[in-house]
């Protein structure tokens, strides 16, 4: 049981009201100044943590007392959360900061069922809360030896540009399916019963323009990214989706792609970079690029219905506003497209509020998805089955004490289907998080009607010759761990060697780049990799293209022979300014008998792994 802590904010009886002030959010025309005083009610002798698990604030807004309940967002970071930036000479620097005792909270207002809150308590209180249908922002004032905070409505922040800001996605409901009436747009109890929370493992990427905009202050950028992720996590909880930040990458020395105002170009380049670079070194489900470049006529763009795709599970967001809430809503919107959600039409509603999936950003940013969005999202999940977001964090990976009713299976729990009011799992006792009498299991790929699946039932299909299928044991609800054949084991009749569950060979890589009737080129074509220029090199060091040694030429740029109709190109290669890595021979590819490519070298398979 989490000890609930009581914190009071003491204000003057008549809080100061100002007419205009410049804050981080911009020029604010009407605001209140409050002076928080923190009083913590802890048991005698208890050690106070730096950031409590739960807090309660009492404050006055517009002269009326309100009570703000806050709980630490313990699903914000994954246990393997990492941060990457680059030294001035281009060296990749990756760290794994401790994130257990962070300072990011979600909450609500007492006696206001529609209220929400997303607050950072790192240095004072900063964030937003919705009260009686209106959005308020709070932030500490930068005054020496003062705990003064400003509270103000979003509508009182001066907007630099009142022109509508659009999402770049042009698909609409007409490109999807016949429109269903709003009353039909529901997810059935059966869907929820067998499909509880999904888990999106998110990586945020910050471009060089944002680094420059923030005067190379990486700590400031990190704090902003944490606050954005906290709000996105809050928004998606109501869609039964947990968004966990698993990584942050800051292009501190230079952009890793060419970031252009043309949003389609930049999104394509970012997707290719994610596929060929980021995914090879960081496991995640979705990546979003934040840029300070002014995108042409749009503030965001994403692929639709693309979650889990190596290239297209991506979006780009312009750092359009200093207000974190605004940018977080744009991010939630673009990620919504990745989850199969289209722009709202006139049939769609989210009560009295504007909805997140409007084609243009609303005058007041909304934190609510419409009924159409809810249906769209779960229709995509149920029918397209994006498998990467199904994996639930292991109980030992969750950085928090176990809490029955949060829909996360934690240490000491046999099941967790949410609160008794919301539980749709016939196998689980929601009050105790224990299995009901006669039940062997309550979830898992090897659980059918509360019983373990029969031994030998396939629970994970083979993806290649190097990735055998997994089968249920008959003794557990969980599918056995995904295992691959040993790296270096011959595959495809000795045309290749296994590498991380795949059998990479040049023929398949040529096919992926150019289509049918394209094959591995003759050896003479690969000799061009000794040039050390854009169409021939083995690897890059400090931004320089390193020519291949004669014995390594088949581990540089890929050359293919095009025999397709109307083509006669014996040395065809692929090169793109937006992604120089695309078109290179993949790691683990056979480069000679008994040898594979590793970091631009052709090395003995016996010593490569």
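The backbone N, Cα and C atoms fix where each Cβ goes, glycine too.
Sequence annotations record features per position, and here Swiss-Prot assigns domain 'Peptidase M12B' to 198-393 based on sequence analysis.
According to DSSP, residue 391 (Ca(2+) 1 binding site) is assigned to coil rather than to any helix or strand. Sequence annotations record features per position, and here Swiss-Prot assigns Ca(2+) 1 binding site to 201, 285, 388, 391 based on similarity to another entry.
The Cβ of residue 333 (Zn(2+) binding site) has 29 neighbouring Cβ atoms from other residues within 10 Å, across all protein chains displayed. What Swiss-Prot records for 333, 337, 343 is Zn(2+) binding site.
Marked as active site by Swiss-Prot on the basis of sequence analysis: 334. Residue 334 (active site) falls within a helix when secondary structure is assigned with DSSP. The Cβ of residue 334 (active site) lies under 8 Å from the Cβ of 167, 288, 300, 301, 302, 315, 316, 317, each of these being in the same chain and 6 or more residues away along the sequence.
Following the DSSP three-state reduction, the secondary structure of residue 372 (disulfide bond) is helix. What Swiss-Prot records for 348-372 (among others) is disulfide bond, and it gives similarity to another entry as the kind of evidence.
The domain 'Disintegrin' feature in Swiss-Prot is assigned to 401-487.
Packing around residue 413 (Ca(2+) 2 binding site) is summarised by its Cβ count: 20 other Cβ atoms lie within 10 angstroms of its Cβ, all protein chains included. Per Swiss-Prot, Ca(2+) 2 binding site is recorded for 403, 406, 408, 410, 413, 416.
Annotation comment: Swiss-Prot describes 415-428 (among others) as disulfide bond, evidence class similarity to another entry. Cβ-based neighbour count (10 Å, all protein chains) for residue 415 (disulfide bond) stands at 26.
Swiss-Prot lists 417-423 (among others) with the feature disulfide bond. Residue 417 (disulfide bond) falls within neither a helix nor a strand when secondary structure is assigned with DSSP, and so counts as coil. Residue 417 (disulfide bond): 24 other CB atoms within 10 A of its CB, across all protein chains.
Under the DSSP three-state reduction, residue 441 (disulfide bond) is assigned to coil, being neither helix nor strand. Neighbour density for residue 441 (disulfide bond): within 10 A of its CB lie 21 other CB atoms from the protein chains shown. Annotation source Swiss-Prot lists disulfide bond at 441-447 (among others), citing similarity to another entry.
Marked as disulfide bond by Swiss-Prot on the basis of similarity to another entry: 446-472 (among others). DSSP assigns residue 446 (disulfide bond) to coil in the three-state reduction, placing it in neither a helix nor a strand. Sequence-distant neighbours of residue 446 (disulfide bond) (same chain, 6+ apart, CB under 8 A from its CB) are 452, 453, 457, 459, 472, 473, 476, 477, 478, 479.
If you look up Swiss-Prot, you'll see 459-479 (among others) marked as disulfide bond, on the strength of similarity to another entry.
Residues annotated as disulfide bond in Swiss-Prot, with similarity to another entry given as evidence: 466-498 (among others). A sphere of 10 angstroms centred on the C-beta of residue 466 (disulfide bond) encloses 24 other C-beta atoms.
In the three-state DSSP scheme, residue 468 (Ca(2+) 3 binding site) falls into the coil class. Look at Swiss-Prot and you will find 467, 468, 470, 482, 483 tagged as Ca(2+) 3 binding site.
Over all protein chains present, the Cβ of residue 503 (disulfide bond) has 22 other Cβ atoms lying within 10 Å. Positions annotated as disulfide bond by Swiss-Prot, on the basis of similarity to another entry: 491-503 (among others).
Summarising the annotation, Swiss-Prot assigns disulfide bond to 525-571 (among others). Under the three-state DSSP scheme, residue 571 (disulfide bond) falls in the strand class.
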Listed in sequence order, the residues of the same chain lying six or more positions from residue 602 (disulfide bond) whose CB sits under 8 Å from its CB are 551, 552, 554, 555, 591, 592, 595, 596
In sequence order, which residues at least six apart in the same chain have a CB under 8 Å from the CB of residue 337 (Zn(2+) binding site)? 167, 169, 302, 303, 304, 305, 306, 315
Would you mind giving the whole-number mean pLDDT across the domain 'Peptidase M12B' (198-393)? 89
Reduced to three states, what secondary structure does DSSP give residue 525 (disulfide bond)? helix
Between residue 423 (disulfide bond) and residue 483 (Ca(2+) 3 binding site), find the distance joining the two CA atoms and give it rounded to the nearest Å. 33
Which of 423, 447, 491, 571, 597, all disulfide-bonded residues, has a Cβ with the fewest other Cβ atoms inside 10 Å: 571
